[in-house]
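Trainee: For reference, the structure I am asking about is given below.
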Amino acid sequence: MVSFAKNRGFIFVLLVLLLAFANADDVSHDDESTPKSPNCNNKFQLVKVKNWVNGVQAETIVGMNARFGSTLPSEEDKAQKLPAAFANPSSCCVSSKKLSNSIALSTRGDCAFTDKAQVAQTGGAVGLLVINDNEDLYKMVCSENDTSLDITIPVVMIPKSGGEIIRKSVEAGGKVEILLFSPNRPDFDYSEIFLWLMAVGTIIIASLWSEFIACEELADPYNPLSPKESAVPGALKDDSDKEVLDINAKGAIVFVIVASTFLVLLYYFMAPWFVWLLIVLFCIGGTQGMVACLVALIMRMCKSCRNKTVTLPILEEVSVLSIILLPFCMAFAIFWAARQHTSYAWIGQDILGICLMINVLQLARLPNIKVASVLLCCAFVYDIFWVFVSPLIFKESVMIAVARGDNSGGEAIPMLLRVPRFFDPWGGYDMIGFGDILFPGLLISFAFRYDRSNKKGVLKGYFLWLAIGYGVGLCLTYLALYLMDGHGQPALLYLVPCTLGVIVVLGFVRGELPHLWNYGNEPSVSLGQPGLA
């Protein structure tokens, strides 16, 4: 495997992909664009449809309530178990008999949802389940003319497969009973703490990595497949010898332009094959990152492993250790790709993702605050535009639609860390995009290098305060999600002020802002390459 350090174009493409998927927050089921009236203003919520056949509980079906009708209890013990009865005719568009004191079931089509509900209610039904003609949960809304609705029964849509299960049981002569309730999601889940620790921990570990893990073991810790002569332990290395991608102001702007173009293309042309291409790229990057991290860790513990190398075609001189580890890391990535829909796949995805981000933060860097300001301000505007402004142009949030994978055929985009919601009755995951970690991480890594080069203490430096600022920014993101009722949030809206803003304000107060701004362009400074900004 060719190291990323030998292919700066791959790093550029990877950073574009990571910026394109910077936002991966929870998405609410509610839709403010649909018509509302005093009798048609229910909030869209998921509904648990429990069903029993001859007293034996069957698989629970997940549905979604309508904008109109009565609301459901949030607790199961407050709901009532009632017999199921199919409307006749099945569309429930005209009067149907034998619905008294039952939960009616109807197919979609032939008339408005509100008409079905009124027919079922008139027939004595206590509730109505509308069976969709596909697996989606369509949002049942009112028309602008429905101003005098008087629907007092709950109305829920269920997917086609769930309706077929109930239909077969009824047609087989079984006694089918149904219970409807809509449990609330908890305001806080412990998964958010784990996700916070992973995001903050990844940035801190990546910033400290080359100094305390890889720096003393490899002449080029960023490229474990191509070791060079070992450096003197503890000595600072000349960055000009490292194969890294130095980001300049021009490149920062190009990142955002290319990422925006890529996001629009995904919005219009996303398909399962393209998601699989992203999965392959993620596996390649994760494998490379895992090899790099394991090589550095093992070489730190086993000094006798450092000088064992072989010469291979194309790769030239490579360490024996990296050759041994590569097949195992590849097998790990392939196993994850094959099992990515299992309940435990998030563990493998997070391991590969963290290794990938640690490696990327060794390969790409910011030379000074001038370039950091351009990159993070562009990313700040990018995130806000594609989450909040794009609905005015595209009728929906482009970022949220792509992150949700509306046209991906059920395949999930892997460019994010995720942790399952442990105490959420609906399950699901809390997620954060790699871009929300990497782009602030580039600035925090720069702050650590700056502090070390200028011999600044922990409190008088910038690294600690930026790390704290990043953690606070993530907390503000979670708070915004709560206050905005789960609507997707552009995390960089909160992370950029809490990181870039902190270093600019601190630098100004300490009188060091000019030095930070032009760092790397001054002959007396060893870090960075001249003329990058």
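Glycine is treated like the rest: Cβ placed from N, Cα and C.
Look at TrEMBL and you will find 92-165 tagged as domain 'PA'. Per TrEMBL, signal peptide is recorded for 1-24. Taken from TrEMBL, the feature transmembrane segment applies to 193-214, 252-270, 276-298, 318-338, 344-364, 371-394, 431-450, 462-484, 490-509.
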Trainee: Would you confirm whether the transmembrane segment (252-270) and the transmembrane segment (344-364) meet the contact rule of 3 or more C-beta pairs below 8 angstroms, pairs 6 or more apart in sequence?
Mentor: no
Trainee: For the domain 'PA' (92-165), what are the DSSP-based totals of helix, strand and coil residues?
Mentor: 16 helix, 14 strand, 44 coil
Trainee: Do the transmembrane segment (371-394) and the transmembrane segment (490-509) share at least 3 Cβ pairs under 8 Å, sequence separation 6 or more?
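Mentor: These two stretches do touch.
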Trainee: The transmembrane segment (431-450): which same-chain residues, six or more beyond its ends, come within Cβ distance under 8 Å?
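Mentor: Contacts of the transmembrane segment (431-450) (Cβ under 8 Å, skipping residues fewer than 6 from its ends): 15, 18-26, 195, 199, 202-204, 206-208, 211, 247, 353, 356-357, 360-361, 364-369, 372, 375-376, 379, 403, 415-419, 456, 461-463, 466-467, 470, 473-474, 491-492, 495-496, 499-500, 503, 516, 519, 527.
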Trainee: Mean pLDDT, the domain 'PA' (92-165)?
Mentor: 83
Trainee: Any residues 6+ beyond the ends of the transmembrane segment (193-214) with a Cβ under 8 Å from its own?
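Mentor: 221-222, 296-297, 300, 350, 354, 357-358, 361-362, 417-419, 430-432, 436-437, 440-441, 444-445, 447-448, 452, 463, 467, 470-471, 474-475, 478.
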Trainee: For the transmembrane segment (490-509), what are the same-chain contacts with Cβ under 8 Å, counting residues 6+ beyond its ends?
Mentor: 22-23, 25, 369, 372-373, 376-377, 379-380, 382-384, 386-388, 399, 432-433, 435-436, 439-440, 443-444, 447, 462, 465-466, 469-470, 472-474, 476-477, 480, 515-517
